[in-house]
Amino acid sequence: MTKSTRLVQNLILLVFALYALVPVYLVFLAAIRSEADLFSGPLTLSWPINFNNFGRIWSEAGFATFFMNSVITAVSVTILVVLTAPLAGFAFAKMNFRGKEALFGLFLAGLVVPAPSVIVALYGNLQALGLIDNRIGVILPQAALLMPFSVFMMRTVMQDVPDELIEAAVMDGAGLFKIFLTIVVPVVKPGLMSLGLITFLFAWQEYLLPLVVFQTESLKPLTVGAASLQGRYGVDYGGIAAAGLIAFAPLVVLFLAMQRSFVRGLTAGAVK
Amino acid sequence: MLTTRSAYLFLAPSLALYLLFVGLPILQIFGFSFFDWDNGIAGDFIGLANYGRLLADGVFWTALWHNAIWVVLTLAFPLLAGLVLAAILAERNASVVRWLGAIYFIPRTIPLVVAGIIWGWIYNPIFGLLNFALEAVGLGGLAGAWLAQDNTALLSLNVVGAWTFFGFCVIIYLAAIQSIDPSLYEAASIDGASWWRKFRDLTVPLLRGSTLFLGLYAAIEAMRFFDLVWVTTQGGPGYSTEVLTTHIYKTFFLVGDFGYAATLSVVLLIIVLSISAGAFALLRKS
């Protein structure tokens, strides 16, 4: 590779790194600056870091509650998906049964279903079930909307489990559910980890469902809280920045800590 | 492979959840679309009359056009950027790949609601960084109210969409490049092929499957995205950033026209299903 080619390449890598990071840096900066010097001075970190914005948003604007709500919803959705999707993935990867193709096609079609289309009928159904303004009314539909992707990914993961392992266990007379728990699950643990992380990410980011289902302020998650803050506290930029940071920092940290597992999950459905 | 009826037991929990909260509503919107609705109560059966309204609904066609533009822009920019970045990274050492891969993906971890708020500031006509930067390099004449002008709003939003998506493309392409047999590149190098030739004649054709996958993914997301528009412009100014999902949302929650909202939902559903059926046919072939 010539020197100039390499120089151009490094430049491209750098420009996109800045594209990715500058907006994140700006929010960070706005969150830790005091209101007075927000629009003055260079775009460098001020010292000492000013935590007033976080304190104000956390206790006065209700973000402690929004944060807990995001945790509760995202964790519940994740548990629900991780308990159910692997079973279906196992059936699709390792079992023969009547209607298999059609049922898998049904899940496959769900991969592209737009949530706003579903909402038009789902909203009335949730009302009829008494689930409007109820956590269950977000958790169940959210898990259902994530199900096609999760089942698809789990099928890919389960296909890598050696058939001999399962056959040997069947010979020994073990039940299928026992085989799943004692033989399959330990082998696919990394895949389950990836599924859990990605489900958690998507559930935490969800906006539309909680927006339409929750009316009570104390049930809303961070995404809805941050969006409404923008309208109510239009000029409190430091506060909104702190709120935004609270809404995404856990995801960034989680991603950086578990990068390998995330990437494995994201590519599981794509490459094969 | 085990032939067993207990497969249905394994499928039951996820299938039940999926059918109840996704499958059933989809059947219902088909049904809703054939009725005249008044205040959330179904009235007369009106056949295809709601579908006839589509033809005269200018907002629907504007929204559809915006979705189409969004599809094209997403296929053009983030996919291409992802491909080039992945091809460059493939020849760098593991720690560079790990770090840059992570940095490029960080925007994808940020909820779109928050992404919209952040970029709303960058585009702000009074204190936004974009105008500030343009003035600093002497291009102050280009400065504007990016999200408030109807000729720049959609494009400006697309830059935000691309921001959250290109890192995903890098990761998918990188994984695919790493599974290509390295001896192909070695042979090309021995023949004296330049980086650009290897990129054009080896990388691009060999990654066709990933490109199809990402293209499908991007097209579907471009048809059904909602959060980003809703927290920034809500379809405005005027209808300059209206998309199908915001049109559905407004028709349903603000106008309360259940029948027509359902009709729009059916149309959107049919579009995304057709796109994916087409892409699957292509994938099967290759």
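Placed from the backbone N, Cα and C atoms, the Cβ positions cover glycine too.
Residues or ranges marked as transmembrane segment in TrEMBL: B:7-30 (among others).
What TrEMBL records for B:64-279 is domain 'ABC transmembrane type-1'.
Per TrEMBL, the feature transmembrane segment maps to B:68-90 (among others).
Positions annotated as transmembrane segment by TrEMBL: B:102-122 (among others). Same-chain residues lying 6 or more positions outside the transmembrane segment (B:102-122) and placing a CB less than 8 Å from one of its CB atoms are 85, 128-130, 147, 156, 159-160, 163-168, 170-171, 225, 227-228, 231-232.
What TrEMBL lists as transmembrane segment is B:128-148 (among others). Same-chain residues lying 6 or more positions outside the transmembrane segment (B:128-148) and placing a CB less than 8 Å from one of its CB atoms are 120-122, 156-157, 232-233, 237.
For the transmembrane segment (B:155-176), the list of distant contacts is 69-70, 73-74, 77-79, 81-83, 85-87, 89-90, 97, 101, 103-108, 110, 112, 115-116, 119, 123, 146-147, 206-207, 209-210, 213-214, 218, 221-222, 225, 228-229, 232-233, 241: same-chain residues at least six beyond its ends, Cβ to Cβ under 8 Å. Look at TrEMBL and you will find B:155-176 (among others) tagged as transmembrane segment.
As annotated by TrEMBL, transmembrane segment applies to B:258-283 (among others).
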